[in-house]
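What Swiss-Prot records for 334-354 is compositional bias 'Low complexity'. Marked as N-linked glycosylation site by Swiss-Prot: ASN2, ASN15. Feature annotation from Swiss-Prot assigns N6-(retinylidene)lysine to LYS296. The annotation region 'Disordered' is assigned in Swiss-Prot to 331-354. The topological domain 'Extracellular' feature in Swiss-Prot is assigned to 1-36, 97-110, 174-202, 275-286. Look at Swiss-Prot and you will find 62-73, 134-152, 225-252, 309-354 tagged as topological domain 'Cytoplasmic'. Annotation source Swiss-Prot lists transmembrane segment at 37-61, 74-96, 111-133, 153-173, 203-224, 253-274, 287-308.
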Amino acid sequence: MNGTEGPNFYVPMSNKTGVVRSPFDYPQYYLAEPWQYSALAAYMFLLILLGLPINFMTLFVTIQHKKLRTPLNYILLNLVFANHFMVLCGFTVTMYTSMHGYFIFGPTGCYIEGFFATLGGEVALWSLVVLAVERYIVVCKPMANFRFGENHAIMGVAFTWIMALSCAAPPLFGWSRYIPEGMQCSCGVDYYTLKPEVNNESFVIYMFIVHFTIPLIVIFFCYGRLLCTVKEAAAQQQESLTTQKAEKEVTRMVVIMVVFFLICWVPYAYVAFYIFTHQGSNFGPVFMTVPAFFAKSSAIYNPVIYIVLNKQFRNCLITTLCCGKNPFGDEDGSSAATSKTEASSVSSSQVSPA
């Protein structure tokens, strides 16, 4: 084995020289230089500095402006709330531990941080699944003129949290475990060992199939069918130009969110899968640390995409920041500026573009 396994940790370094110590008790500066840990702490501080105000303002503006509280926006806000949750409960811990060079909060703190990080990431993934299914049903119309209403949105939100908990909670109850990963400053599911005492192998397989592969298959299927339908409708002029534009704009926003999610999380999933399928292979701590910390940036881009691509939300945000007045004269979002996201909550003939 090219790593050192303890009762509640796995350090990716052989202990032949006797320098390996528990990542809960000692700085891990034999894994990387102190400046590298400082760089991780600075990176997490930057994510917190950006993530807290962006996610908070997105939630606050939506609560303040009633017209933004549409059914589809419930799912988008659920995603933003999950990101805010990750920043508050996960990023702050990781920044502090990186400053010290080891996971200073002990095994219990590792379980808590790992749980919150996994929960937030899974809520984001399943929210994108719900958005993909909603786009497929509304645009492709496999269920005729289905209306995505408030009850459907609430059920969708509940579904995302149930699925996320079914992934994040088992390690808390003895199926697998959370351990420090990479440079030992943040915690995640144990991909490093088989650990038969906690049936770790079966959990990792379950996680990759149910909570990564299946969601991606659903997302790709929905958007594959959606793109075909949009092209057919445009060619046959089955929908009005305003309807087509509104549906395309909503779809574009969600597709961009999916693409960025994949950019952030696929490298982490690939590295984790490689480590799991190559037990005991030789890899450095940075090999897992870089994709793990890069994946954390996903908490920033979703609200940014939402703000940039949703004209009505931008108008409401400007109105809020300017104390109720929009200096650009589009204060309340005129009737011509109906939200793109409302396209999914009304019938096609009622949709107007943003």
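Indices start at 1 and increase along the chain as displayed.
The backbone N, Cα and C atoms fix where each Cβ goes, and this holds for glycine too.
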Which residue counts does DSSP give the topological domain 'Extracellular' (174-202) for helix, strand and coil?
-> 6 helix, 8 strand, 15 coil
Including all protein chains displayed, how many Cβ atoms other than that of ASN15 (N-linked glycosylation site) lie within 10 Å of its Cβ?
-> 14
Given the cut-off of 8 Å on Cβ pairs that are 6 or more apart in sequence, determine whether the transmembrane segment (74-96) and the transmembrane segment (203-224) share at least 3 such pairs.
-> no
Looking only at the topological domain 'Extracellular' (97-110), what is the mean pLDDT?
-> 96
For the residue listed as 'N6-(retinylidene)lysine': intrachain residues, at least 6 apart, with Cβ closer than 8 Å | MET44, LEU47, MET86, GLY90, PHE91, THR94, ALA117
Euclidean distance between Cα atoms of ASN15 (N-linked glycosylation site) and ASN2 (N-linked glycosylation site), Å = 9
The topological domain 'Extracellular' (275-286): DSSP-derived helix, strand, coil residue counts = 5 helix, 0 strand, 7 coil
Close approaches to the topological domain 'Extracellular' (275-286) from elsewhere in its chain (Cβ under 8 angstroms; 6 or more beyond its ends) | 1-3, 12-13, 28, 31-32, 36, 182-184, 191-194, 204
Other CB atoms, at most 10 A from the CB of ASN2 (N-linked glycosylation site) = 12
Near the topological domain 'Extracellular' (97-110), which same-chain residues lie under 8 Å Cβ to Cβ, leaving out any that are not at least 6 residues past its ends?
-> 8, 23-29, 34, 37-38, 40-41, 44, 178-180, 184-187
